[in-house]
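**Q** Take this structure, written in structure tokens, and hold onto it; I'll ask about it next.
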């Protein structure tokens with residue numbers, strides 16, 4: 001199975017349910033996959049930031065990919081993150097996730113180490129040369145502290161080095177420069193990672209979205225995507241605003257934990273409250289949500305009509 | 001073998017020589033270890049940032065640690081970096097490097113993901129609980145984009161969670177706060193990672209230094225350390241200034257590559273020019289130095305009396 | 001004359017033409033005002049960032065405000081920036097620009113000095129208490145290195161402390177949170193400062209835009225605004241993309257000068273090429289554009305149908 | 001009167017006492033000057049960051065400079081900050097402070113607006129060309145968000161454009177590069193702005209220091225300076241550590257106000273507790289210290305032997 005080019009629609013970055021002792025909770029993961037596929041999503045993205053890829057051991061990453069690829073059984077394509085610091089280490093993950101059946105890999109710019117546009121381009125060219133499946137670039141400066149330069153993305157797209165971009169930069173003007181700049185590259189996929197600006201991104205010409213919150217409400221995000229494709233912008237805006245309000249849940253942890261712990265903790269708490277996963281534990285060393293904070297997550301669900 | 005407490009003196013972060021096809025060059029690595037031990041260094045630190053740990057695969061990391069531990073055979077202690085994003089992944093590296101014989105591990109704050117002082121403390125407490133050898137904290141905000149908070153370091157020191165700190169923050173005022181704050185914890189080790197401020201750090205009361213440039217000139221750094229310990233501050237300053245001038249080599253790559261590529265490229269070029277290693281290749285995707293740039297490295301060596 | 005509430009449409013941040021010896025070029029300024037008003041703009045904003053307010057002396061600021069207010073003679077409202085570091089200094093500018101006839105003032109968060117959400121709120125409350133005209137908040141983190149917190153903006157809006165927001169943050173998700181959050185405050189104005197995302201901002205519910213590039217092509221921006229208001233999103237997108245391409249001119253100065261020098265230099269060069277102003281000089285110490293760079297500006301104009 | 005070249009010793013950045021209604025408290029300012037001169041300081045620096053220059057109106061700045069210059073009457077040199085965004089505005093302040101009698105001016109890189117090394121150099125060259133008194137460069141990236149590039153400082157020093165550097169960057173390695181780089185320029189002054197690293201800076205060869213905390217304890221800082229000059233490094237370190245502990249007062253405001261409000265608030269509270277100034281008010285919009293926080297300032301004084 002190969003991914004469509006371009007890949008369109010809603011591609012949830014699949015949360016990784018954990019047991020109370022922080023092992024991958026395979027039955028919950030399978031229920032989550034069913035929940036997403038039943039919600040109408042167009043593909044799945046495992047081992048992304050929302051999947052806590054940064055926290056999963058290599059063995060856990062393998063288990064997640066095999067589980068999801070095996071269970072989804074071709075109903076929708078499965079993309080996998082290959083999140084690591086530099087080319088040689090990312091290539092080891094590319095080998096692992098493709099051996100486990102991923103149909104495309106998603107890789108960031110180098111991080112931890114200092115980098116440079118010439119090195120970023122070289123990084124992707126090496127990844128593409130050695131990957132058995134297509135490579136998408138993942139622009140996530142909040143994590144890697146480097147913004148993928150627009151001209152580098154356009155050069156890699158024109159040369160068919162990368163087949164797509166997942167943009168989690170929050171910089172919609174830069175995103176637009178890619179969307180318009182790759183219009184001649186007809187099979188290039190541009191996905192936004194923002195939960196909050198999907199109507200705007202699709203209106204500009206983006207192909208789809210990778211919203212972490214679609215774990216919680218896949219039906220809502222699929223509805224939003226379809227409204228946008230139908231050009232029904234007023235109803236799309238209303239649906240987007242409902243989802244923006246729901247996204248407020250990511251702040252429940254407040255100042256007593258990191259932003260990731262609060263956001264992922266809220267998504268998992270919501271999934272548990274909705275009966276999809278068995279346990280809302282996040283990986284170490286994240287601070288867990290308190291009962292009060294989980295209760296506030298429940299209120300966000302109720303306000304969005306999801307209780 | 002265990003590490004001394006405190007660990008004092010010069011602890012080079014050992015470069016990882018590579019072959020032209022980017023495999024670990026074991027004979028060169030052994031020659032480099034001999035060069036450092038012969039230079040009088042007090043311990044070795046493998047798999048740090050200067051070692052290109054961010055670029056080495058798990059297999060290469062294992063090979064490096066085993067090679068160095070095996071060859072050094074107890075002449076000096078060997079510390080190993082366990083550089084990865086979060087607790088579960090770092091713990092896998094802790095297992096690997098201690099299996100390979102490292103006598104202490106060095107770990108940063110979580111990176112890639114958002115973090116928080118409470119999560120940083122939890123991270124180190126979990127590492128210490130599961131590590132068979134002592135843990136040192138590695139403060140390197142340029143890489144992980146979080147500064148270890150002074151109060152967290154002092155709390156972890158007082159509780160004997162971490163046995164030392166390697167400070168590569170460049171913030172000498174914060175460093176001083178740790179040096180004075182841990183004075184009551186008599187067996188705690190404070191090491192500066194700066195090539196340029198070792199006299200100042202030792203004058204404040206630091207225990208030692210982890211200068212990347214000591215790969216190139218171990219004798220110079222050992223001399224500097226001994227002058228400081230003798231209270232011969234004028235000659236120490238002169239030696240430090242000679243080494244500061246030598247450190248200028250890290251800029252030879254200029255604006256056409258990343259800072260890491262230029263610095264590590266220069267160290268390796270210098271080691272090749274000095275006849276220690278066989279090949280100056282840096283790991284992918286770093287841009288290599290040109291012949292002209294290598295020639296400029298040679299001039300830095302000559303100016304420092306090392307040709 | 002008072003400003004409409006909300007203020008809608010296109011509000012150019014008026015460039016400040018200078019003579020070759022860097023005095024305000026009053027005849028050129030008057031021609032520029034005529035060019036903008038004839039282009040159909042809805043209000044004028046003097047002494048903003050695009051106006052080089054940061055470079056103008058107090059005397060020059062006074063001359064600019066008096067000239068524009070006097071010449072525009074009530075055809076459209078005139079807002080004026082009161083750009084300075086803290087409350088007491090901003091209040092001096094508020095007095096000056098309102099004495100010169102400005103109908104509203106626009107002020108940023110404190111800068112140079114460290115600040116805090118509580119101090120930002122206090123800042124605007126003091127400004128509003130002492131200003132004879134309405135105050136708009138100006139969110140420009142690239143200049144002041146603080147993002148106006150959404151909750152502070154919403155609190156100030158609800159309390160009628162500020163009557164509007166000019167958002168030059170580039171953070172469209174945060175912008176959306178304000179747009180939806182102030183919907184109950186019917187007379188509050190939300191303006192985007194982005195040249196590149198006006199269709200998206202208006203689709204979300206913004207009231208108008210303050211695009212620096214509208215100095216060069218006011219007719220285009222007014223057309224874009226009207227298409228959005230008519231719900232003609234396809235033609236709006238095409239017009240927005242034409243303006244995005246034109247905006248590429250801001251990069252002509254490349255790496256040999258600051259981004260402000262390149263952008264303002266390009267706008268002024270374009271205005272001179274279009275025959276609106278007499279001289280394209282930017283204020284000291286900005287590096288001037290070269291002849292080649294000005295020629296490239298001309299090509300951007302031609303490509304956008306403006307030669 | 002002219003400033004010595006180089007200027008050596010302790011140069012307090014003089015706090016600006018305010019009345020409860022935020023006017024300059026001239027009698028308190030005069031008492032503060034007497035307190036500093038009696039403490040043995042070598043020069044005074046008015047209108048710096050510690051002086052709340054960012055908060056003072058032009059009229060207040062004039063009053064401060066005239067008051068201090070007039071009262072000090074040549075006992076020590078008086079330097080004045082000319083803190084504003086760009087060259088034309090800074091030049092207006094240069095005119096004002098030199099008219100008021102300042103014997104040298106201190107100016108930062110451009111801020112608010114984007115800048116560039118070429119523009120920073122041009123900025124200082126224009127300032128020097130138009131200033132009737134010598135110009136010192138003020139490196140304060142925490143305020144202006146640009147670090148003065150070492151090569152620019154060395155070029156300006158070699159060309160006698162600026163006669164000195166006040167370094168508040170916190171980057172002691174970069175500071176050292178200037179100290180050693182200007183050694184051939186015998187009349188160039190290098191001052192550190194750090195309260196915490198003066199022994200280290202003087203050991204490297206700096207000429208003097210501009211510590212905000214010397215408002216509170218001028219005698220301590222003068223003692224520290226004299227111990228360093230005498231090469232009595234052990235006693236210097238002990239005195240420096242006493243002052244480091246005293247400096248802890250800057251944190252009393254905690255997370256409920258900006259760092260400037262907390263630090264300046266603490267200095268002023270300490271000056272009031274020591275009987276030097278009448279009122280500890282800080283300028284708007286800074287949050288004032290609470291009674292509890294002031295009490296904690298008193299404990300820092302007591303612990304340092306200053307109650």
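Each Cβ is built from the backbone N, Cα and C atoms, and glycine gets one as well.
No curator has checked TrEMBL annotations; they are predicted automatically.
Sharing the record's features from TrEMBL:
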type	residues	note
BINDING	A:50, A:210	pyruvate binding site
ACT_SITE	A:138	active site, proton donor/acceptor
ACT_SITE	A:166	active site, schiff-base intermediate with substrate
**Q** Using DSSP and three states only, what is residue A:138 (active site, proton donor/acceptor)?
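**A** Reduced to three states, the DSSP call for residue A:138 (active site, proton donor/acceptor) is strand.
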**Q** Might you list, by sequence position, any residue in that chain lying six or more from residue A:166 (active site, schiff-base intermediate with substrate) with a Cβ less than 8 Å away from its Cβ?
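**A** Result: A:45, A:106, A:136, A:137, A:138, A:139, A:191, A:192, A:193, A:210.
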**Q** Give me the long-range Cβ neighbours of residue A:50 (pyruvate binding site): same chain, 6+ apart, Cβ under 8 Å, in sequence order.
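**A** For residue A:50 (pyruvate binding site), the qualifying residues are A:13, A:14, A:15, A:212, A:215, A:264, A:267.
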**Q** According to DSSP, which kind of secondary structure is the residue listed as 'active site, schiff-base intermediate with substrate' found in, if we only use helix, strand and coil?
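**A** Strand, per DSSP.
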**Q** Just counting, how many other CB atoms are there within 10 A of the CB of residue A:210 (pyruvate binding site)?
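**A** Looking across every protein chain shown, the total is 28.
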**Q** Just how many other Cβ atoms lie inside 10 Å of the Cβ on residue A:138 (active site, proton donor/acceptor)?
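**A** By my count, 28.
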